[in-house]
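**Student:** So that we are looking at the same thing, I have put the structure below in structure tokens.
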Amino acid sequence: MATYIEIYEKQLIRFFNDLEVATKSFELIWILVYTLILVTGVTIGVLVIVWLERKVSAGVQQRVGPEYAGPLGIVQSLADGIKLLLKEDVIPSTGDAWLFTAGPVVVVVPVLISYLVIPFHQSIILSDLTIGVFFWIAVSSVTPLGLLIAGYSSNSKYSFLGGLRAAAQSISYEIPLALCISSVSLLSGSLSTVDIVKTQSKFGFMGWNLWRQPIGFIAFFISSLAECERLPFDLPEAEEELVAGYQTEYSGIKFGLFYVGSYSNLLASSSFVTILYLGGWDSSIPFFEDLAQNFYFSEYSSESFHVLMSGLGIITTLAKCYLFIFISILTRWTLPRVRIDQLLNLGWKFLLPIASGNLLPTASFQLLLLN
């Protein structure tokens, strides 16, 4: 089934052919459209997450939280973003100016690229790659390199230690993350994010990988929190030890890029938890699933039905994503920060054996089914 993006792309191709516009010009315009959709969607998602975290944190601490900037303080995140844009951009005189500027960019760009393979519905995805989940693992592994560059270029001991911690933490938790993804891919018979969701949707609510891979789900969730550097795993920017870690010397828009990268990475990780283990856009509501078969639709109403189902899929996917974001916020205010040795021990001595032990029986079971 063609995605809405592909349909609109074909329509634009016909339009530009009629105007006799060069193919290279069309490709450039389409890349700009992709980029605009990506940046706009992620920015809105980050603003909502920041507002949600402030409100939930205020509730946990019995405070009011933001309330003056817009209804329920919902515009507060936007106001803070504008404030960061207007602040002075300071570069350390003893640091490497080029690397200092490149660090935040290297952090943010891979996170944005990972959204290319996130489906909000089977017809709403920017790029349905056959290696979708491993593509996410590959691009997300670049982010710690940006943190290391930022720490090194600041010429500060606190920043450099924060960058080293980020690199060590990422290496420790990427392997369990990849092993959990391998288990899900074996069950689904595909690395495509759309195919993984479709495989779960065949059996409804009980077909979700949450029930078939409970151990893998727990290991994946913990590893994703560590990859996002959320409490209790925020060792690279531990305030009591490293001032602000790799962000210590940053200000203005560069600091804002780190902020956006952190929260957009959290949204991407929550999206992949939803896709891999919670059935993605599958809402398992029989009424909506059987509506097209039980009633007669004209061509216009059939198109309306597909639009309705796409809208329902987007709402369902985002609701599941924000559920896990809510859990991560509560985790932040529930558990204390771990030490660096405890962090590495958890990754290498516990999650890695658990993820490996989960993969072996899954692979054996699939091999038995093939035979």
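Glycine is no exception: its Cβ is also placed from the backbone N, Cα and C atoms.
TrEMBL labels come from automatic prediction, so no person has curated them.
Sequence annotations record features per position, and here TrEMBL assigns transmembrane segment to 28-52, 97-118, 124-150, 257-278, 305-330, 350-369.
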**Student:** For the transmembrane segment (257-278), which stretch among 28-52, 97-118, 124-150, 305-330, 350-369 has the most Cβ pairs under 8 A?
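**Tutor:** By Cβ pairs under 8 Å, 97-118 leads among 28-52, 97-118, 124-150, 305-330, 350-369.
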**Student:** May I ask for the residues of the chain that lie six or more residues beyond the transmembrane segment (124-150) and have a Cβ under 8 Å from a Cβ within it?
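**Tutor:** Cβ under 8 Å, 6 or more out: 3-5, 34, 37-38, 99-100, 102-108, 110-111, 113-118, 159, 162-164, 166-167, 169-171, 174, 177-178, 181, 184-185, 190-194, 196, 227, 236, 246-247, 250, 258, 261, 265, 268, 272, 276, 310, 313-314.
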**Student:** Where else in the chain does the transmembrane segment (97-118) make close Cβ contacts, counting only residues six or more beyond its ends and a cut-off under 8 Å?
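**Tutor:** Residues packing against the transmembrane segment (97-118) from afar: 38-39, 41-42, 91, 125-129, 132-133, 135-136, 139-140, 142-143, 145-147, 149-154, 193, 246, 249-250, 254-255, 257-258, 260-261, 264-265, 268, 271-272, 275.
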